[in-house]
Amino acid sequence: MKEKIEQQLGGRIFPVLMIGISFMIWSYRYFVPTEHLMVISFFSLFLLSIPFFLISFFYKNTIYTLPIIFGLVFSLGIHNMNLDTFDLALIGFLNIGLIIIGMIVHVIKFRPQFKLKTLGASMIIVSISFILPEFAKPFVPVGMMLSLLGVLYLIIYLYYANTIVGNQLHYLMRIFMLTGLMLTFQLILMWYDGFLAWEGTDFLLDFMSMFNLGTGSVPGWGNINDLTIHVVLFSASVIYYLYKYPTKLFPWLYLAFSAFWIYVSNARGSMVTVSVLGLGAVVYAVFKRNKRQLINLIITAIIGGIVILVFLPTVQQIWDSFFNTIDFDNPDSMLSGRLTLWFYHEDSAWLSFLKHPVVGTGWYNQIWILGEAENRITIYHSTFFQVLATGGVVGIGALIYQFVCIGRIFIKNIRFKAVSAFLLTYVLSQLHGLLDNTQYMIHFSVITYITFAVFDNLGSEDDFVPKELQVSKTPHDPNIKTV
């Protein structure tokens with residue numbers, strides 16, 4: 001019985017179910033009264049935390065908990081979570097507690113041999129860089145909790161790096177695809193909510209503006225830029241599936257579908273990165289010279305051309321909206337106030353660094369300096385400036401060392417197509433992070449550190465060869481690994 005359940009956990013249905021539950025919880029925002037939304041959402045998280053606990057208790061391989069964690073971090077669609085709602089999140093912390101208990105029980109029961117692995121040492125240093133600034137400030141509970149984020153990331157990485165069994169790249173890429181689809185459907189549902197509130201007369205000209213109608217374009221767990229950054233990050237699955245299933249049309253349609261919604265969301269940074277990703281996929285297909293794959297590319301291009309013709313007014317609006325924001329005469333406006341965040345404000349990243357050059361201000365800093373009414377901490381919308389302000393020289397040194405360690409993981413495992421595909425989307429996301437929030441942000445960090453934990457458990461074997469390529473190259477060799 002236990003073995004049959006494990007087969008289901010490792011199959012297709014269970015990840016779809018967990019991601020589906022996560023999407024359902026997120027969608028409460030559209031039909032649950034606002035005054036009850038937070039409580040009902042947090043109670044519903046037990047639909048995810050309880051399966052996590054049970055899997056951790058009964059099964060040695062923790063890979064089956066990944067669809068739960070990936071869905072969980074994107075499952076809250078609550079708009080007004082800020083410092084004032086911290087006390088109301090008690091039920092949410094109970095879910096986190098159940099997950100932590102599940103991890104502890106798993107370690108006690110299965111006794112994995114813990115090693116630092118590739119990132120362990122760097123993550124200890126990062127954790128220390130998070131905590132050090134708190135010793136120079138008055139004690140504040142929220143500040144101390146934020147300073148422990150580095151410890152949380154360390155625990156997550158070490159737990160999965162030492163409890164995942166075997167090569168789980170295919171399972172990981174399946175979860176990537178499903179989570180990316182879930183986030184794309186979050187975009188669609190936000191647009192549809194605006195469509196229901198739309199009272200205009202020109203559907204195509206108003207297509208983009210529908211994101212700003214209804215309850216708006218903020219997914220709750222982050223902003224729309226956070227959402228699209230992760231859609232691009234998860235699109236590593238596209239390159240992987242182009243390799244695994246070279247004759248299938250679906251990877252092309254998946255990429256085109258996600259890209260369409262990124263474009264109409266007007267998330268400028270992700271519009272650039274998804275365009276680069278699309279170009280990379282095209283170059284990959286051309287150089288592979290798989291006839292069926294090239295036909296699928298042409299089919300997708302034809303469909304894309306038809307969509308462009310049908311939505312031509314919308315396409316023109318997207319084009320104009322993007323290029324009209326390019327104003328080198330007013331760079332701060334062009335960068336949505338980022339120069340103020342980085343340099344101009346008295347609590348800017350640079351001036352905060354000059355005040356605390358060694359260890360920085362810590363993560364619990366000034367209330368959002370571009371508008372205190374939002375009642376949240378200041379995030380500097382740049383990995384470099386965020387770490388410079390909050391971690392000082394120590395934080396920058398820790399970040400550089402961690403990137404070196406991450407580079408080692410990629411170099412060691414680059415022969416795997418899933419790893420090389422993730423390298424592309426990871427680099428694109430980090431380049432985006434020069435102007436937005438990526439490194440050390442909760443959602444991005446949980447996803448990437450777990451991904452690196454999966455990579456750390458890859459063996460010395462070669463990557464698999466798709467059946468189509470095996471047949472065409474060496475049809476009589478029984479020793480080639482296929483999936």
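Even glycines carry a Cβ here, placed using N, Cα and C.
As the structure is a computational prediction, the values presented were derived from the model and not from experiment.
In TrEMBL, the feature transmembrane segment is placed on 64-82, out of the ranges 64-82, 406-424. Packing against the transmembrane segment (119-136) from elsewhere in the chain are residues 143-144, 146-151, 153-154, 157-158, 161, 356, 359-364, 390-392, 394-395, 397-399, 401-402, 404-406, 409, 440, 449, 452, 456: each is 6 or more residues past its ends and has a CB under 8 Å from a CB in it. Tertiary proximity for the transmembrane segment (172-192) is limited to same-chain residues at least six positions away from its ends with a CB under 8 Å from its CB atoms, namely 12, 15-16, 19, 22-23, 26-27, 30, 63, 66-67, 70-71, 74, 77, 210-211, 214-217, 219, 224, 227-228, 230-231, 234-237, 240-241, 254, 257-258, 261-262, 264-265, 418, 451, 454.
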